[in-house]
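Now, the feature entries from TrEMBL:
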BINDING   N108, H113, E118  oxalate binding site
BINDING   H111, H113, E118, H158  Mn(2+) binding site
DISULFID  C32-C47  disulfide bond
DOMAIN    62-213  domain 'Cupin type-1'
SIGNAL    1-22  signal peptide
Amino acid sequence: MAASSYFLLAVSLALAASQAIASDPSPLQDFCVADKYSPVKVNGFVCKDPMAVNADDFFKAANLDKPRNTMGSKVGSNVTLINVMQLPGLNTLGISLARIDYAPLGENPPHTHPRATEILTVLEGTLYVGFVTSNPNKLFTKELNKGDVFVFPEGLIHFQFNPIHDKPAVALAALSSQNPGVITIANAVFGSKPPISDDVLAKAFQVGKGTIDWLQAQFWENNHY
């Protein structure tokens, strides 16, 4: 085989491998229920003995049909996430979901899921949603109504906002990882422990250090429960 053919084969295999590891790895058996009590540390969770697995490992009485409290949230939203930590049967299956409740004028603030694409379905109300691409940061937005669906690509900053002043909204999100992770942008930038240097942030945001110090002094709430 010519050297150029070997090169093309190597490139093809590399591309195929990169696609294969772009999300949670595929299971090599029917299931791998998470053993959250195992002392063994792996990327994910060790499999529970399959002979000890029962239907309850794949079940959770999550009450996702019940409204969540948004009144105590500064941002006016409440995210109820069902991932492998709540449902051990999700281990290695590459999926999780969340119910999101929005107060009138509430929002799920700009955030990103480092390990998952998200598909959002509006169950009740209206939502203004959007995401921002990597540099040069193009914004894509859409107003959604009951029954509408929108996709947020993996790793991109996105948000949802209820623009209605007198009606709540509810959405259900599916995510392509058993543990998608979430980084809320404002919390990460201004609420990290220990804090990022105000010299760094003042230069990055082109504002005075006093503004940064004020922002870092605020309570940055986690709306994920």
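Note: Cβ is positioned from N, Cα and C throughout, glycine not excepted.
On the structure: features taken from TrEMBL.
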{"residue": "C32", "record": "disulfide bond", "contacts (Cβ under 8 Å, 6+ apart)": "F45, C47, K48, N91, T92"}
{"residue": "N108", "record": "oxalate binding site", "contacts (Cβ under 8 Å, 6+ apart)": "V75, S77, V79, I100, Y102, F159, Q160, F161, N223"}
{"residue": "H111", "record": "Mn(2+) binding site", "contacts (Cβ under 8 Å, 6+ apart)": "I157, H158, F159, V182, I183, T184, I185"}
{"residue": "H113", "record": "oxalate binding site", "contacts (Cβ under 8 Å, 6+ apart)": "F152, E154, G155, L175, S177, P180, G181, V182, I183"}
{"residue": "E118", "record": "oxalate binding site", "contacts (Cβ under 8 Å, 6+ apart)": "V151, F152, H158, A173, A174, L175, S176, P180"}
Exercise. Whose Cβ, among the recorded positions C47, H158, has more other Cβ atoms within 10 Å than any of the rest?
Worked result: H158
Seminar exercise, completed: Surrounding the recorded Mn(2+) site, with Cβ no more than 8 Å from the Cβ centroid of H111, H113, E118, H158 and those residues left out, we find T112, A116, F131, F152, L156, I157, P180, V182
For this session: Express the predicted model's confidence over the domain 'Cupin type-1' (62-213) as a mean pLDDT, rounded to an integer.
Result: 97
Exercise. For oxalate, what surrounds N108, H113, E118 with a Cβ no more than 8 Å from their Cβ centroid?
Worked result: A98, H111, T112, A116, L120, F152, H158, A173, L175, P180, V182
